[in-house]
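> Below are the structure tokens for one structure; questions will follow.
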């Protein structure tokens with residue numbers, strides 16, 4: 001081992017499976033060492049002290065040992081590259097995806113709200129149409145009620161005429177002259193003018209003069225009797241023999257007995 005010679009007496013070094021096979025006889029040692037240096041196994045020269053200690057035992061020799069070289073995997077390289085600025089850029093690109101998702105959800109929510117509002121508008125329109133129809137039906141019913149009221153008033157007047165109520169005339173009895181009329185002013189309203197249908201105060205019956213030439217208000221009398229003058233001939237002329245007016249009694253309801261003389 002001295003003088004820089006190689007000591008191959010250590011069989012453990014060369015018998016190791018990691019050393020591989022010895023070089024063939026036609027291969028030089030230089031090529032062998034180059035192969036070792038190019039391989040993961042490496043050779044180095046260092047100085048160490050062997051037991052027992054002493055200056056005469058200090059020597060230098062070359063030993064062979066395995067250098068383990070850890071190569072990063074491709075996936076590890078990708079992971080490491082993800083931490084660079086490019087990875088930050090990729091993370092920045094992912095943020096718009098989240099924003100898009102939020103925008104999409106907001107739009108869907110807005111569309112759902114708009115759809116619900118449209119449904120509410122349609123429902124309110126239907127209710128409005130129903131209310132309009134009800135109002136139209138109510139107006140029709142009110143018109144029908146008014147028509148029936150008018151018909152009732154007309155029928156009541158006709159019934160009152162049959163029993164002798166004013167303004168309808170009850171047919172006269174057989175013993176009363178034909179030119180005489182019997183009137184009952186019970187249903188005469190205020191401010192209604194009453195006309196005697198026969199000749200009054202020397203006026204022809206065709207002209208239809210009013211009492212006192214001005215007409216008589218229904219509120220100014222209690223009982224008015226138009227009676228024929230029995231002393232007159234049957235020429236159709238007649239006069240009042242008795243006119244009884246009373247302002248104190250102004251009753252408008254109830255039937256009063258009519259008298260004819």
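Residue numbers in this text run from 1 along the chain shown.
Using N, Cα and C of the backbone, Cβ positions are placed for all residues, glycine too.
OK, Swiss-Prot features for this one:
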| type | residues | note |
| --- | --- | --- |
| COMPBIAS | 8-18 | compositional bias 'Polar residues' |
| COMPBIAS | 88-100 | compositional bias 'Basic and acidic residues' |
| COMPBIAS | 237-248 | compositional bias 'Low complexity' |
| COMPBIAS | 249-261 | compositional bias 'Basic residues' |
| DOMAIN | 89-155 | domain 'bZIP' |
| REGION | 1-22 | region 'Disordered' |
| REGION | 74-100 | region 'Disordered' |
| REGION | 90-113 | region 'Basic motif' |
| REGION | 117-131 | region 'Leucine-zipper' |
| REGION | 237-261 | region 'Disordered' |
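Provide an account of the burial state, proximal residues and distances for the features listed.
On the 0 to 100 pLDDT scale, the model's mean across the region 'Basic motif' (90-113) is 79.
Residues of the same chain that lie 6 or more positions beyond the ends of the region 'Leucine-zipper' (117-131) place no CB under 8 Å from a CB of it.
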> Please work out the helix, strand and coil residue numbers for the domain 'bZIP' (89-155) from the DSSP assignment.
67 helix, 0 strand, 0 coil
